[in-house]
Structures are given as C-alpha cells and as structure tokens.
Amino acid sequence: MNYNIAVVRGDGIGPEVVAETIKVLEKVGQKFGHSFHFTDVPAGGAAIDAVGECLPAETVRIAKSSDAVLLGAVGGPKWDNVPGDQRPERALLGLRKELGLFANLRPAMVFDQLADASPLKPEIISGGLDIVVVRELTGGIYFGEKGHKDGGDMGPAAYDVEQYAKGEVRRIAKVAFDMAMKRSRKVTSVDKSNVLESSRLWRRVVAEVAEDYPGVELDNLYVDNAAMQLVRNPRQFDVIVTSNMFGDILSDEASQITGSIGMLPSASLADGNFGMYEPVHGSAPDIAGTGQANPIATILSGAMMLRYTFGLGEEAKSIEDAVNRFLSDGYRTADLCGGAPEAVTTTQCGDLIAANI
Ligand code: ATP
Ligand code: MG
C-alpha cells in the first residue's frame, strides 16, 4: 500500500529526531512491502523564518490531504519576541483545530531496561508499566466562554466555563474503548462528578458507550483520587479517558512516572483514522545540533501512526520490538545514561533501531 505522510520537521532537535524516524519507517516499508511517501511542510519557527508566518495555509492544505502528519517539535528562544498570535507554538494549536484533532493519546510506558529512571520505587513499577491517557483535546474549560466581571481584566472576578456536549463525550469515550479492545480491556474514566455538572454528564455518557463494549471493564475515578493512584498503584490502569484539563494534568503526571522524556510518543486523532504524531518533548534548543537528542520518542510516535492511522499493527510492533532490542543490547542515548562517554548519538540510535527491524 501507499501512504502519504506530511512532515513538519520543526525547530531545535525536531529535524534530527524526525530524520531518524523516517529512516526507521523506510526500513519498515521495505520489509513489509509498503511505500511511505513523505512531504515536508513548514510550521513553527522554521516557517516564521522562511515565509513570515507560523502556520502557512499551504501547510494546512497539504496536511489535510495527507493520510497522517509526523511532527518533530516547534519553538525555541529564537522566536521569543515574535507577537503572540504568531508564536511558533500557535502552529500546534492551529493544526489541532484545522485538522479536527479531538483525541490526544499519550502512552506512559516504563521499559523494564530503564526502570531505574523512574522516580517511583522499583516494587511499584516492577513488571513494567503501560498506560495510555486519552485526553479530550478540543472542548471543555479551555475552550468554554471566558471573561472578566466589571472593570475588565483588573476587575474583581474572572471566569471560565466548563461545558461538554454529549456528542463530544461520546466520541472521545469511543476512542478509549476501541483502544482498550486492542489492549488489556480496561477503561478508567476520570471526572469530578461529585461537584461538577459537566462531569456528571461525562460519567453518564461514558457509561452508555460502555454498554456497546461488554468485553471492556469500566472504572470511574474522581480526578483527585486518580492523581493519587497514579503514583501509588499505577499498574491498575490501562486506558485512562478524561477531559481536556484533567487530561492535561494527568498525562504530564503519568509521563513523569517513566522518568525519560526522550522516550514518550503521542498521537492526536480526528474522526476517521487521521492523526498527527509527535514526541511529548519539546524542541530542546539546549542540545540541538549536538547529536545528544534521543529520537526514540519520535520513532515510537511513528509506530503509533502505523497502528492507529494505517491499521498496521504488526509493522508497529516491529518498531517497538526494535526499540526494545536496542535497549536490551545495552545501548543508551545521552539522556538515558547521564551523558556517559559511551552514549550513542542521535544518528547511531536511528541506525541501530532501523537495523533491528
Ligand atoms: P516545550 O515547551 O516545547 O515543551 P520545554 O522547554 O518544556 O519545551 P523540552 O524541549 O522538552 O522542554 O526540553 C526539556 C529538557 O529535556 C531539556 O533539557 C532537553 O534538552 C531535554 N530533552 C527533551 N527532549 C529530549 C530528547 N529527545 N532527547 C534528550 N533530551 C531531551
Ligand atoms: Mg514543556
């Protein structure tokens, strides 16, 4: 099969980690007989420098007509003085909106070989950890009505409205249950339905969706309890589904359990199978150009693209297995070994993983 992928290499280490990911995807293509076609499109700081705007219309057009988007990272201190609506990070918000990316998937995985990087005690994470946080991305309090009372932004009060429509909850719940079907068949829905009306609606709609998935276990937790359980007993979780704000907080918490920002992929999905795939980390300008960037987060984002957008589960697994093998063989990028002299470079890491496919 042929697959068209729009590529935003981005800023800082973005182009370095994306190059290694393309290398690995091409190897997968050769091995399994697929043809991945990559089209570079500018966004973020690189686009500001090239054409004077962070998200050119042409980038959006090409992204929309592709099967998926692969993104490195955007932004950096170079663009600190760019006006607000043209800041590089705006390109991400713009892409999410234009592409209708309403579901943000963030796996938090602890590779056994890297367990000592986790801030949690070994007995809490022993046997590995594999959680996915499914965060609603285009609704809720971040997008509800906002304002100030009397006297504008120096007045006595300000407000933000949390609102969810049933349809919004239903579609994100479906993403979570579909994912659980491919994993350990457990969904934990996180809300605050003891105090929030929007959470009461959330809980009811999630329960309705659950009826269509009799093989999946549904658990409901209040967000404060979920935050606590994530560090006390994270192995109870498989798929966590939650609102935009709770998901923002819990996905950061979950990612820190793993202790290695350079290993964490993410996906943002739209209706149908379209998705944008990117590492959780940023553009890391402090190490750009030094060969110290760990490309694994982006490479694993490529695996998610194969699994969730193209439906290529076996091919996705071949990438995850290749990463596992790289770690088991004892190789470490600088971030995984405190910069020890035997660290492999970004390019060597990509070469070794590609060779393991
Ligand atoms: P953003 O606001 O875009 O999320 P940030 O400033 O919060 O960016 P990152 O760019 O993710 O953070 O960098 C945080 C730290 O982690 C930096 O010291 C960076 O060098 C390191 N880091 C991030 N990604 C990687 C990676 N892939 N490999 C090695 N180190 C990384
Ligand atoms: Mg950050």
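Heads up, the Cβ atoms here are built off N, Cα and C, so glycines get one too.
If you check TrEMBL, you get these features:
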- 4-353: domain 'Isopropylmalate dehydrogenase-like' (DOMAIN)
- 76-89, 282-294: NAD(+) binding site (BINDING)
- ARG96, ARG106, ARG135, ASP224: substrate binding site (BINDING)
- TYR142: site 'Important for catalysis' (SITE)
- LYS192: site 'Important for catalysis' (SITE)
- ASP224, ASP248, ASP252: Mg(2+) binding site (BINDING)
Select the closest residue to ASP252 (Mg(2+) binding site) from the following binding-site residues, measuring between CA atoms: ARG96, ARG106, ARG135.
ARG106
Can you list which of these binding-site residues (GLY84, ASP224, ALA284, ALA288) have a Cβ closer than 6 Å to ligand 1?
ALA284
Tell me the Cβ neighbour count for ALA284 (NAD(+) binding site), meaning other Cβ atoms within 10 Å of its Cβ, over all protein chains shown.
23
Recorded positions near ASP224 (substrate binding site): from TYR142, LYS192, ASP248, GLN292, Cα within 10 Å gives LYS192
In which DSSP state, out of helix, strand and coil, do we find ARG106 (substrate binding site)?
strand
Cα of ARG96 (substrate binding site) to Cα of GLN292 (NAD(+) binding site), in Å and rounded, measures 29
Which residues does GLN292 (NAD(+) binding site) neighbour through Cβ under 8 Å, counting only same-chain ones at least six apart?
THR333, ALA334, ASP335, GLY339, ALA343, THR345, THR346
Rounded Cα distance, in Å, between TYR142 (site 'Important for catalysis') and GLY84 (NAD(+) binding site) is 17
Once the chains shown are all counted, how many other Cβ atoms turn up within 10 Å of the Cβ of ASP248 (Mg(2+) binding site)?
17
Here's one to test understanding: among the binding-site residues GLY76, GLY84, ASP248, ALA284, ALA288, whose C-alpha is closest in space to the C-alpha of ARG106 (substrate binding site)?
ASP248
